[in-house]
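So that you can see what the record holds, here are the features copied from Swiss-Prot:
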- CYS11, CYS14, CYS17, CYS58: [4Fe-4S] cluster 1 binding site (BINDING)
- CYS21, CYS48, CYS51, CYS54: [4Fe-4S] cluster 2 binding site (BINDING)
- 2-31: domain '4Fe-4S ferredoxin-type 1' (DOMAIN)
- 37-68: domain '4Fe-4S ferredoxin-type 2' (DOMAIN)
Amino acid sequence: MSHSVKIYNTCIGCTQCVRACPTDVLEMVPWDGCKAGQIASSPRTEDCVGCKRCESACPTDFLSVRVYLGSETSRSMGLAY
């Protein structure tokens, strides 16, 4: 099963989500669209276990984790949309 971490434009670049991830799915990348100049990205979504520690660590409720079941069906696991 694949998990995808959805990233939105309210990231403050604090890196708390990156540090909270037990499988190192997240990393910070340059991003001009936020004040911090960097944003959390999830290049290794296949390693995500859906624990939502990144969501819990995020001070701005910025992240959303979704579980994709098959090609078109999804079940939301996130808090922020």
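Quick reminder: no glycine exception, Cβ is built from N, Cα and C everywhere.
Each residue contributes its Cα atom, and for CYS21 ([4Fe-4S] cluster 2 binding site) and CYS11 ([4Fe-4S] cluster 1 binding site) these two points are 16 Å apart. Candidate binding-site residues: CYS48, CYS51, CYS54. Nearest to CYS11 ([4Fe-4S] cluster 1 binding site) by Cα distance: CYS54.
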